[in-house]
Structures are given as structure tokens and as C-alpha cells.
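Scroll down for the structure; my scribbles are underneath it.
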Amino acid sequence: MGEPKTVGDSRKRELRRTVLAVRRTLPPDDRQAAAEELARRVLALDELAAARTVAAYVSVGTEPGTGPLLRALEERGVRVLLPVLQADNDLDWAPYEGPGALVPAGRGLREPTGPRLGPEAVLRADAVLLPGLAVDRRGLRLGRGAGCYDRVLARLAASGAHPACAVLLYDGEVVDHIDGEAHDRLVRTAVTPTGVHRLGAE
């Protein structure tokens, strides 16, 4: 973390471009199969066995698909919270009420139509599932650069809440090192279609 910020930023931009380019090459059938397998692995996590409330998200574009996972959580009787992007890039939360209750929103997102519960609602989640482009072996997550989930992780840390946090990725997106900053918050678990990675063990 000691290199100039511009160097680290440049490396992160390049990693984002690389990951997004690879994701665009995945055929739709492969993405669907990955989504089904990802759901199976997430649901098998010990941390989710007794979870009553899970903060998740609606995948868009070439992100690892969350449709099967959301459906399975709903069938399990779990209360699912979904993010609603605010103008300042913070996240509000609303309950998931099925795919028919999702509407198009800014930046290509789909958001729930239910009541807004406030940014603090995530503090009541037993588990938080995060999107990302990559994560390193320490648990430093690379997002798209807007800082939305950095705020979520900071809010959890500041409140003393300790839900299980896992980032959902494709295979090959757990990397050796991502340049970070002092304020970065780490996650301890990454789930891919072929495995569960426990991070930061050193």
C-alpha cells in the first residue's frame, strides 16, 4: 500500500478493464450455469444456515447471476434486502418481493419497488452478499469504483455489527494482490461457481 495513489489507481482501472473484458466473453449458457452453481454454494455456507435476513443484490449485465440465489433464499423463507442506489452513491434498502417487483433504475440497475427502509437497515442483516470484480487473498475487494459497498462495509464496522460478508465472483477473480488504501474494509469470504475461498487467513 506504499506506492503512489496514482499508480494503485491505474492498476485497479486496468484490472477492472481486464475482468469486464473476460466477463463479456462468457456465453449466456455458461453464465446461467455459473449462476445456478453459485447459488448452490452460497446456500451451503454455514454462515447462511440460520440466517433470517440477508442483504443481497440484483445482478446486471455480465455480473455473476443472482436470480437463482434470490429465488432460493425466498423459498427458504429468508427475508432478503436489496439495495436502492441514492444520488450520493450511498445505498438505501428495500425488501425483495419477487422478480415482478423489480423496476429499471439508473446505471442499468433493477431495484425493488417496496418501502425504503433506510441505509441503516443493512445493520440488521445476518449476512451481506456483495458484488465485485475481484478480491485478493487478504480480502480486499475491487468494485466498480463508486464506493457504494465501501460505505456499507464502513457502516457495519462503525456500528459493531458483524454479519457474515461474502463477495460473489466468477472463477479466476480471486487474485493475489489488489492495491488498497487505509480506509478499505476487508471481506473474509469469496464464493465462486467452483468453490468457497476463505480470505485473510495470514
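Backbone N, Cα and C atoms are what each Cβ position is placed from, and that goes for glycine too.
If you check TrEMBL, you get these features:
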type	residues	note
BINDING	LYS12, ARG13, GLU14, LEU15, ARG16, ARG141, LEU142, GLY143, ARG144, GLY145, ALA146, GLY147, CYS148, TYR149	ATP binding site
BINDING	VAL58, GLU63	substrate binding site
Checklist outcome for this item: Counting Cβ atoms within 10 Å of each Cβ, the densest environment among the binding-site residues LEU142, ALA146, CYS148 belongs to LEU142
Checklist entry - Which whole-number value in Å describes the distance between the Cα atoms of LEU142 (ATP binding site) and GLU63 (substrate binding site)? => result 13
Checklist entry - Among the binding-site residues GLU14, GLU63, whose Cβ has the fewest other Cβ atoms within 10 Å? => result GLU14
Checklist outcome for this item: Rounded Cα distance in angstrom between GLU14 (ATP binding site) and VAL58 (substrate binding site) is 25
Checklist outcome for this item: Quick note, VAL58 (substrate binding site) and CYS148 (ATP binding site): C-alpha atoms separated, nearest Å, by 14
Next on the checklist: Taking the Cβ of each of the binding-site residues and counting other Cβ atoms inside 10 Å, which one has the highest number: LYS12, ARG144?
Outcome noted: LYS12
Item to check | Alpha-carbon distance [GLU63 (substrate binding site); CYS148 (ATP binding site)] in Å | outcome: 16
Checklist entry - What does DSSP assign LYS12 (ATP binding site), in three states? => result helix
Next on the checklist: With DSSP assignments reduced to helix, strand and coil, which class does LEU142 (ATP binding site) get?
Outcome noted: strand
Next on the checklist: Let me make sure I understand the structure: which of the binding-site residues listed (ARG16, VAL58) has the fewest other Cβ atoms within 10 A of its Cβ?
Outcome noted: ARG16
Item to check | Cα separation, ARG16 (ATP binding site) to GLU63 (substrate binding site) (Å, whole number) | outcome: 13
Checklist outcome for this item: Among LYS12, ARG13, GLU14, LEU15, ARG16, ARG141, LEU142, GLY143, ARG144, GLY145, ALA146, GLY147, CYS148, TYR149, the record's ATP-binding residues, the widest C-alpha separation in angstrom comes to 20
